[in-house]
Amino acid sequence: MEEEVTTKMALRGPIDDNALEPILNPVADEAGEGSHDRIENGTPVPTVDISDTDSSDLPKSDTSHGTPVDVKGMPDEQEQFMNEGPLQTQPRWQCILNKRALPDDRFTAFGYDIVDGPAVVKFIKFLTVTYLCFFIAFAFVRWVDWENDEYYTMEQFWKFDSSFVVTDALFFFVVGRLNKQNGVDHLAWILPILVATLYSSGVTRLDFMQHSVSLYEMRCRWPPGLWIFAIIVTVFVVALVYAHIRYIAQQRKLFEKGFEISFCTAFFLVPSIASPFFHFHHWFAGWFGGMHFNLNVWWSRVTMAFLWGFYINGIAVYGRDPILGCEYSLYVSLYQRCSFMRCYVQGIIDGAGNATHPSNYTGIVTPFVPLDWRTCSTD
């Protein structure tokens, strides 16, 4: 009998001798005399019965991409957005920073789903955090009497700017790949936003910082201190951009990122940058630059959150002014035939004649000569 069993088992390949123990010694197995021990290097090692073990105590794998992957041992640079929460190996302070206030998959109330779907839930979280931080910034800069537009009210925000903020946030959310990250309702996202809000308002307390970024200002009015500050910031930004390019090259996504940036530049920057009225508002800088720092590493996420704080601060302090400024306002007023323009029209009978859709402003209103950054004059 022993030879027959041994012959059959040998057909399946070499096995450990203790695998035959329950078959060859059934009496010892029933008696419990060490039959459940395995032998390693001649020493019996007790086996462990896991039949009553809670499955939550066992190591878990992420199977969201079809192949089981051990999330616990995966470094951050290789996560590929597969984690749905802080890594188990993170220190306690990191777990606190990454702790989300609400789940990312759905919102429920009284047992009913209010919002379902991770992408929609994450966008609502992002929009909620944006508005909450806006309200905080709006109130704080006026409470401490930092530089702000004293004529800009909350009523004007809701009436004129709120809808644009929603569309800005939606485009930022899509290009920034925020649907592939954890929700932003945690301190690792909120703290950089608040720091950026305080920083961008605090530096305006310095006299040499009270200038805008335009060709005329830079050529004619920037003091030496501001140029030194701009050079330092430029060096830091170049280093940060280089780090992103290097990481993207390692991921073999240079063409993908290049198309993304070129697409946004062609639609949002190129049509306006040549205008003498173009003003690079820091709300626009935070929005346009922040959404491209969208790598799934901590320093890229912090950069994105910090620049989104710039966007929030710019609107909370000055409003969402158009990047073409007065040129845009004049264009809208003229071609909408706004009744209040009658107060400014000169020579409308002689200049406009019977034209109902003039191709330019000449003859409708007295032409305005913009500032010339080349000569620092209006000649």
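Using the three backbone atoms N, Cα and C, a Cβ is placed for every residue, glycine included.
TrEMBL entries are annotated by machine, without manual review.
If you check TrEMBL, you get these features:
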- 1-70: region 'Disordered' (REGION)
- 123-144: transmembrane segment (TRANSMEM)
- 156-175: transmembrane segment (TRANSMEM)
- 187-206: transmembrane segment (TRANSMEM)
- 226-249: transmembrane segment (TRANSMEM)
- 261-278: transmembrane segment (TRANSMEM)
- 298-319: transmembrane segment (TRANSMEM)
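Ranked by the number of CB pairs under 8 Å to the transmembrane segment (298-319), the listed stretches 156-175, 226-249, 261-278 are led by 156-175. Sequence-distant contacts of the transmembrane segment (226-249) (same chain, at least 6 residues past either end, Cβ-Cβ under 8 Å): 208-209, 211, 257, 293, 295, 297, 299-300, 303.
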